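> The structure that follows is given in the form of structure tokens.
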Amino acid sequence: MAASQTSQTVASHVPFADLCSTLERIQKSKGRAEKIRHFREFLDSWRKFHDALHKNHKDVTDSFYPAMRLILPQLERERMAYGIKETMLAKLYIELLNLPRDGKDALKLLNYRTPTGTHGDAGDFAMIAYFVLKPRCLQKGSLTIQQVNDLLDSIASNNSAKRKDLIKKSLLQLITQSSALEQKWLIRMIIKDLKLGVSQQTIFSVFHNDAAELHNVTTDLEKVCRQLHDPSVGLSDISITLFSAFKPMLAAIADIEHIEKDMKHQSFYIETKLDGERMQMHKDGDVYKYFSRNGYNYTDQFGASPTEGSLTPFIHNAFKADIQICILDGEMMAYNPNTQTFMQKGTKFDIKRMVEDSDLQTCYCVFDVLMVNNKKLGHETLRKRYEILSSIFTPIPGRIEIVQKTQAHTKNEVIDALNEAIDKREEGIMVKQPLSIYKPDKRGEGWLKIKPEYVSGLMDELDILIVGGYWGKGSRGGMMSHFLCAVAEKPPPGEKPSVFHTLSRVGSGCTMKELYDLGLKLAKYWKPFHRKAPPSSILCGTEKPEVYIEPCNSVIVQIKAAEIVPSDMYKTGCTLRFPRIEKIRDDKEWHECMTLDDLEQLRGKASGKLASKHLYIGGDDEPQEKKRKAAPKMKKVIGIIEHLKAPNLTNVNKISNIFEDVEFCVMSGTDSQPKPDLENRIAEFGGYIVQNPGPDTYCVIAGSENIRVKNIILSNKHDVVKPAWLLECFKTKSFVPWQPRFMIHMCPSTKEHFAREYDCYGDSYFIDTDLNQLKEVFSGIKNSNEQTPEEMASLIADLEYRYSWDCSPLSMFRRHTVYLDSYAVINDLSTKNEGTRLAIKALELRFHGAKVVSCLAEGVSHVIIGEDHSRVADFKAFRRTFKRKFKILKESWVTDSIDKCELQEENQYLI
């Protein structure tokens, strides 16, 4: 019965294509009602099929879960991470589809966030992949929902095992058996962003009235789908249960001015706001489980029993003898026993992955209790829960502690507590109503939080320069969604800064309108960032932008952040925690941004915390903060960088008209002919000089490929020519036609012309070649290293494995190197026994992919023995001298494998 149930599921019958077409209709529908109708139709048909399939069975576990986990992939908890993002998917598609790396489609996938002006899909990788895949895929796929889930399970488990080869194999199966439309939705499921235009709350409400509430207290999608399969049957008691993760209660941001009103003019509790990881602990005797605020299981890290983990062994004996079962809510902190202090989360450690030999130890700071000995406490008041909490365990400093609280009545007490938190470099404070009950996944139902950055004027703000950008995704597609900001190296007195160190990436704080306007302002200045040739004026750490902007064309933004924390991702060696843009400093010039010295001073001021000011009560009893003086604005000095100045050609005498009305842009010259000399000579021959190439520029002259030249090459709008061509023109006093040897880069039209005139090595089809030109052509021809048959065999094997052709019978021996016992004396070729069956076997082995050798040496994988076993002992003696041990098999292994079209188990044929 159990076997039949597992094989007979709705998911194993419903085509994945049906789910995708439903999702497509939901996405394309305009109104909410129409979106709901399409989802309800799919859900109803599933339930009807379920009833028909299982009409003779009771207590079946089959449910809507296989489809729901694909519709709401962001709520998936059973499946581990895929380890796949858009860029990795792009590279896999390019490899699996064998797309030319520099081809149009490959570049579309790799640069999916870059606006192209077509389709309007910038930032939507799934849509871009759809258009690339459409001409290459099936019209309709053959996979069921169950098969898709199985393959996704395989990808997740192989990612955990770091088996990239098996991940590729599963992805290849998905690609070859699904249509472009199905893959579009599959990509969105893997990335966990379906863009349906309908919330998870709406999906839950259509599925069942109790679904959202049950998910809040269990975070278990499968349990929701199983328990609420019948929409007519509700749950009488939806409450927190042991060993089932729930979404914790959250705090809303408080307005200090209204704090007494929010607390209903009654007394309230003030607690320290801890800067750790929110974690719930479930305990039943010696069994423990730990869950994060999003329902992820961290039991392996903290310990499932008193004998394992970074926490459980140290706190198990702290619980009172009469406490068998409990559920606690608190913050997991890192504690330094040497300094007896808690570490802030911004420093370089991860409490969820701390190793045993760390100088820090895990400490659980508990502030709530939800169950004790099977008694549920969620509906008890906070005051009552606090009383119970104090009787559950004996605190152990640095291991398990109760978060201390103070009782308060007034706004002034809140301000004093906040100022004290600022002095102690703490994150902030919590304010809680004593009569509040615990409401999972609810924010602000009696719990409030106050952090210095929420209060105007308490934070030191940073004026930093935008130096890079990142294209947006989703609703921000086609515009810059994040910016890379930097501080300046302090320049010599009287000069402007020329080098900038990256500090932080920032994207929040801006409205869509502000983001759009800022992007529009900087749009014409963005340039592609090339990792191998970065701009010399912008120094980066490991974090690199997608595009950059010359500092002199950029703007300063005022940033507010919680603190400055260490980071090797940025050149400054630190970054900002929780940065957000406050405003654009239109009143400041680009060179007036913060310097490295300013940053170091601010960093040392309050241990990196950017809140160092106190909140004060003014005369009108309203919170006030001290105003800071605005920095005096420096007078603008307008000038042109020296190397961009136009040359002074007033004293040049014209000697020829060969370049009359021809515009040149000279980027650089040679050692013997520097840039000014070339410009003077061009003017002598009647040409015009510009410092930046435009639509009328005939060509760009470059003696070396600096950053400006590389950017011109990337634009693909201008021909870039060596100074040697100019010198040839000057020497002959004629307009010498271009030849391949003169060219650094050709724009498309020139490239097309050259393709008609020259072969790929630069040899003209029509003009006679002299000896020197022929030598030059030959020097440009690289030797093609022909591969040996052995190397080709290895290459073929890799290709067969990559594209799953290795299951073909014709390649079954491809990775085998075989020696056949055809010689009376091993390795003596003159003693070959002619006309034996083994000679035929050698041909069959080669036909089916094997490499057959006549010399027994290191690297042989198999030795095949015929009827004569007299040399077996000699072969075994040989084998003992080899690093890699070969297998000695009967010839029937070859015969049986070929007859049955697959490799047979070798152990049955061993000699």
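The backbone N, Cα and C atoms fix where each Cβ goes, and this holds for glycine too.
Keep in mind the model is a prediction, meaning the values are calculated, not measured.
Feature annotation from Swiss-Prot assigns ATP binding site to Glu271, Thr272, Lys273, Leu274, Arg278, Glu331, Lys345, Phe367, Glu427, Lys432, Lys449, Lys451. Marked as active site, N6-AMP-lysine intermediate by Swiss-Prot: Lys273. Feature annotation from Swiss-Prot assigns Mg(2+) 1 binding site to Glu331. Under the heading Mg(2+) 2 binding site, Swiss-Prot lists Glu427. For 610-620, the entry in Swiss-Prot reads region 'Required for catalytic activity', with the evidence type experimental evidence. Per Swiss-Prot, the feature domain 'BRCT 1' maps to 654-743. Swiss-Prot lists 808-911 with the feature domain 'BRCT 2', giving sequence analysis as the kind of evidence.
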> If you measure from the CA of Glu331 (Mg(2+) 1 binding site) out to 10 Å, which binding-site residues from the list Arg278, Glu427, Lys449 are inside that radius?
Arg278
> Please report the number of other Cβ atoms within 10 Å of the Cβ of Lys273 (ATP binding site).
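I count 19 other Cβ atoms within 10 Å of it.
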> So how many other Cβ atoms are close to Lys449 (ATP binding site), meaning within 10 Å of its Cβ?
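Within a 10 Å radius of the Cβ of Lys449 (ATP binding site) lie 20 other Cβ atoms.
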> Which one of these binding-site residues, Glu271, Glu331, Glu427, has the sparsest Cβ neighbourhood, judged by other Cβ atoms within 10 angstroms?
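Ranked by other Cβ atoms within 10 Å, the binding-site residues Glu271, Glu331, Glu427 bottom out at Glu271.
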> Mean pLDDT over the domain 'BRCT 2' (808-911): what is the value?
90
> Far apart in sequence but close in space: which same-chain residues, 6 or more away, have a Cβ under 8 Å from Arg278 (ATP binding site)?
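Correct list: Pro248, Ser292, Arg293, Asp329, Gly330, Glu331, Met332.
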> Please count the residues of the domain 'BRCT 2' (808-911) that DSSP assigns to helix (H, G, I), strand (E, B) and coil.
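The composition, in the requested order, is 38 helix, 18 strand, 48 coil.
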> List the helix, strand and coil residue totals of the domain 'BRCT 1' (654-743) as derived from DSSP.
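Counts, helix then strand then coil: 32 helix, 15 strand, 43 coil.
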